[in-house]
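Student: One structure coming up, written as structure tokens, with questions to follow.
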């Protein structure tokens, strides 16, 4: 701006200067006048699923909420990055194992795998699961006592035994039963989750002998703490369920230590005490499940026949409720995908690119495996590739993985912008699908 222009501008009043042009001046304001608002994320579609907000994060990846645009069912998705899995010992193997196990399990107390989606370009895998509103450990942490009333603990424990009995009937040893791996639905149904370290016994195995364990240290039995080469897999789960019952009824752990070595030393000795307020029936059940000798440790059938298990307990204390969401403080745990769904219904073809993001190269694997991976039970002895009769991985748009476009995301966007009719048609069909589901 030269001297002449500045002199001319000096002749204007403040109100007139404001109307000259916002890009001409930088107006300084007091910091108290600034309203800071978090940037609103755009809606994101992964195949037929509308992405919601973050539910939690673990060592393997993030867990987010999802909405199925066809059924309007609430889902949870575990987002796994291949690069991150490679940095975790047995990371990729554990994920593949969990998918192979979950795809053949159907029980009300075992988490259900709904879909497996794969993005080759981003090297991401999406494990779509049934939605659970809260984890048991989160509920325990929300109260000072860190425990449940006996009535509530009994209800959860009975469901845990139901789910555990089903897993054992399918020849599966979970190996990591603990409150952190037990999820709850909105109606209070318990779901056993996280089968990443589980082991499927051979169909013709003589017994339940196992040789490896990767479970949480505080829930491991003496035979593992003492370093035995082989052990009974089912009795490991019984022990872990016993530690879980001890924890949810007392708020304590039967064995503790300043470090893992001291913890395993205490577990290896097998000496523990039970608070007196537990009462004789519960104390007897805990001693049976936490028996040092695996051969004498309670079986599922003995647990079911125990007086404490069969007794109908009175509701003497207030139940521990599902706590508010730690992220939003929403006590109702409302569906986080709703705001993004509203954005899609406010659709304008001219604002298509600003409305939502779509991951195009999503592969839906019909057999719940990573594209190119042959399930162990279906692989031939000679290691040949998938047979002609086996299901193939297909993309959401109907193409096969080999037919996927190698264009970058920027190139695909440019291609879409050069063909506005195709872009508008694609977006309109997706939103029309959502609108139809909402009306139904």
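Positions of Cβ are set from backbone N, Cα and C atoms, glycine also.
This is the feature table in Swiss-Prot:
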- 176: active site, proton acceptor (ACT_SITE)
- 49-309: domain 'Protein kinase' (DOMAIN)
- 336: phosphothreonine (MOD_RES)
- 365: phosphothreonine (MOD_RES)
- 435: phosphoserine (MOD_RES)
- 370-440: region 'Disordered' (REGION)
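Mind running through what each feature is packed against?
Tutor: Other Cβ atoms within 10 Å of the Cβ of residue 176 (active site, proton acceptor) number 23 in total over all chains. Secondary structure at residue 176 (active site, proton acceptor), taken from DSSP and collapsed to helix, strand or coil, is coil.
Under 8 Å, Cβ to Cβ, and six or more positions away along its own chain, residue 336 (phosphothreonine) finds 52, 53, 65, 328.
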Student: If you average pLDDT over the domain 'Protein kinase' (49-309), what do you get?
Tutor: 96
